[in-house]
Structure formats: structure tokens, C-alpha cells
Amino acid sequence: MTNPIHIVGGGLAGSEAAWQVAQGGRTVVLHEMRPVRATDAHHTDGLAELVCSNSFRSDDANGNAVGLLHQEMRSLDSLIMRTADAHQVPAGGALAVDREGFSRAVTAALEDHPNITILREEVAGLPPEDWGSTILATGPLTSPALAEAVGTLTGRESLAFFDAIAPIVHRDSIDMGKAWFQSRYDKAGPGGTGADYLNCPMDREQYEAFVAALIAGEKTAFKEWEASTPYFDGCLPIEVMAERGPETLRHGPMKPVGLTNPHNPTVKAYAIVQLRQDNALGTLFNMVGFQTKLRHAEQVRVFRTIPGLENAEFARLGGLHRNTYLDSPRLLDATLRLKARPQLRFAGQITGCEGYVESAAVGLMAGRYALAEAEGQTLAPLPPTTALGALIGHITGGHVEATEEAERNAPRSFQPMNVNFGLFPPLAQMPRNETGKRLRGPEKAALKKRALTDRARADLAAWMTGERLPHAAE
């Protein structure tokens, strides 16, 4: 008799991983601590409970990265997507679900599966080694005992208990007629060139108006279970810094020293907003020190007053909330195994993905990796041109190593991320219209997204059939 694959955590990632393994013919033991031990966020003991929104976001597979991820997961027999489709409620172009019906259906599917045993018990420490292959999908509200055990194994600094998220901007939406590349004092850090940061200058009037807008902007209240979590020094929301005094920001993350504006070299900026490359492709830049609790609409409004960001498109908006996640690029291998103990895989939000769909997607791949390993097989690497491949690539190696300057302004270089087109390799050629003319504006953006999604579909189909990737040379 073969050993079962153990999965700890019955959320979206754990449920999807269990389904993938069981559908592949292997037995699964799924450990879920609810209702034996409750969390501050969950309200039921159902599997795959949606604790916040009931939305899986856009279902547009041609123009939206998460919609493409929906499509890819459906093609790989995703239980989460199948159940979401069956319990869909009207939500325009988004896929939203009846959350209670959704959770009940996922629970029933797993309870009824002949290859799955569900144990309602807390795994209070690291799983015993005689369990063999195990997937930890314990989410951002991992129980304290298990978080402590993982921290001990990996190094306590490898777990973050308060998640500071700064906005991330698409590089091609920044106005380079106002912004410029330069590191402070032209310092070339490890792997740098001395021109590693994008800089957006402000005069005094612009700065004072910006500070006033930050303070006046509508904030998102902490959830009840977050309110008692203290700030860490590197995680202060930018609006909290602004409230400490009108000059605080220009002596902190917006200090103008060591930088010269080549567009206006004789005038010294009063304050400067810096953006740091966020992914290895150089398509995404994060706003240094701009973690915030401003509501999303307020972030867009206020941050677009920054010179150079008037037309900024955001891959992710900022936030600050209690979370638990691994420094995955340092700790996990390409198949989501813990380097320090390869019997353990991680899946879901604890790996550093953001969002319901992304969590389930990582669970899907963790399940498939574990299944292949149990069968003595090796899955071919996911094409990075696919939504799944781009997401797994970000988690296991798509970050930028932190420089000394970056470490002073952020808790780490790797931070949670939703799937977005900034994680995808650029197209070999930008799309043109029927006459061969280069496009601009909304038409260009729409055709670019369609080209990215068409490429992804072709490459995933080739990966699924083992054929040579048609876009492998790009």
C-alpha cells in the first residue's frame, strides 16, 4: 500500500491540492483544524471558506491576467473553478459566487471523494517525517504553533507577521519626460548600475498638497483581529508618517538628497518619490516606502498627483495588514518544496501570493508536483508565458534581491502579489494594426493583452501535451 499524501489546511489552496492528488489516483489525508481550533476570520467549519469578498475578480481571459488564470485552471480540472462556475452570482464581468453554497459544494466534493480522508484536527507543529510527502497550505492565519515551528526550521526572519505592501506601477505607464533613472548618490549596489531607481520630483507646493491629501484621504479600518498587531519600524503607513509632521516624509522615504533631475538640473527638488524595480523583467516598479491604508480609489487619486505618475497604471495597490508568508524565493525550490526539508511543500497565501484564485492556483500546482513526485515522474517547468508559470515564477524566483538601501525602506524585497501582466515576459514584438502601424492608447493596451493571452494559451496547450513550446525563443 502506498503512503498517502498529507495536506495541512482546508482552505482554497489545500482543497485544490487535495483534489488534484486524489483525481490522479493517490490517496490524500486532509487535515483541517476547524472546528477544533477556530481563527479570528473564519465563521464556519466549511472547507474553502471565503473569509472576505465573494469575488474571484475578472473572468475576462483575453484582457485580464486573473481571467486568464481562471481559464488555465479550468483546463487543468480545478475543483475551485468548477465549483465557482456552478455557484456564480451576477457580478458584471467578474466571477462572484454564493460563498456559502460554494464552500458547501467544495466540502461535499472532497468528503465524497473515495481517495480523500478528512481529519478535523490541529497540526500543532511540523508534520512528523514519517508522513512523507506533505503540503502545508495553512494560509495567512496559520496557527501560532505551526508558525513557530516553521519559523524555527527556516529562520525566524523568514516569516513576516505584519505585511507591508507598497503600490506597484507598470513601468510603461510612467512619464519619463518627468521621471528619470538614478540611484541616490549614483551608488551602484549589488547587481546595480547606479541608475536603478525611478525618481519623480516635487516642488514645495506639490509636496505640501500631497501631504495634505494623504492626511485627508479616506482610510481602510483595521479588521478586529488586526487592530492589536503593532507596527514594525519599516512598516509605518505613509499617511501615519505624514501625520507626525509636515516635513517627516521629505526626511524619510521622499528625501531629495543625492539626486539630480536631468530634466531641470539647476533646480533642486523639494521632495522625491522613488520607485524600485520589483520583478526580474523590469516591467514593474514599486513605490518605495509607500505602504498605506488609504482606500484603493483614494490611492489612485492621490498617487496620480505625483509628477510622472499622472497616468500611472497600478499592478497592485498598497496595503498594510497582518499576514504570515514565507520568503519563498530563498526557501522554496521550483516545485514549491522547502529546501531545508524537501518532504514539505507549501501552497497558497503562505507562499506569498495574494488573492483567492492565486492561492487555489498555487495549490493546484503543489498538488500536481506532489502527485508527479509520488509517481516517480517530473513535471516539465511551466512556461513563464502562462499565468500559472508567471505566478509560480514570481513565488520561487521572480523577485529582485534587496539592496542595502532597499532594506532600509522595506521589510524585504519579496512581497505578496496578485497575478498581473507585469509578471509575464514581454512580447517579442508589439502588436500593430492591419496596416502595420504602431498603435497607441487604449487600442494598443487591448491588443497587447490579447497577444499575451493568446501566447499563454498556446504555450499552456503545448505544455499539457508535451510538445515543444511555439514561443520558447521569445
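Cβ from N, Cα, C; glycine included.
Note that the structure is predicted; figures quoted are calculated from it, not measured.
Swiss-Prot lists GLY9, GLY10, GLY11, LEU12, ALA13, GLY14 with the feature FAD binding site, giving sequence analysis as the kind of evidence.
Feature map: Swiss-Prot annotations on the structure.
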residue : record           : Cβ contacts under 8 Å, 6 or more apart
GLY9    : FAD binding site : HIS31, GLU32, LEU136, ALA137, THR138, GLY139, GLY348
GLY10   : FAD binding site : ALA18, LEU30, HIS31, GLU32, ARG34, LEU47, ALA48, LEU110, ILE118
GLY11   : FAD binding site : LEU47, ALA48, GLU49, ALA137, THR138, GLY139, GLY348, SER359
LEU12   : FAD binding site : ALA48, ILE80, GLY348, TYR356, SER359, ALA360, GLY363
ALA13   : FAD binding site : ALA137, GLY139, ALA347, GLY348, GLN349, SER359, ALA360, VAL362, GLY363, ALA366
GLY14   : FAD binding site : ILE7, VAL8, LEU30, GLU32, LEU47, ILE135, ALA137, THR138, ALA347, GLY348, GLY363
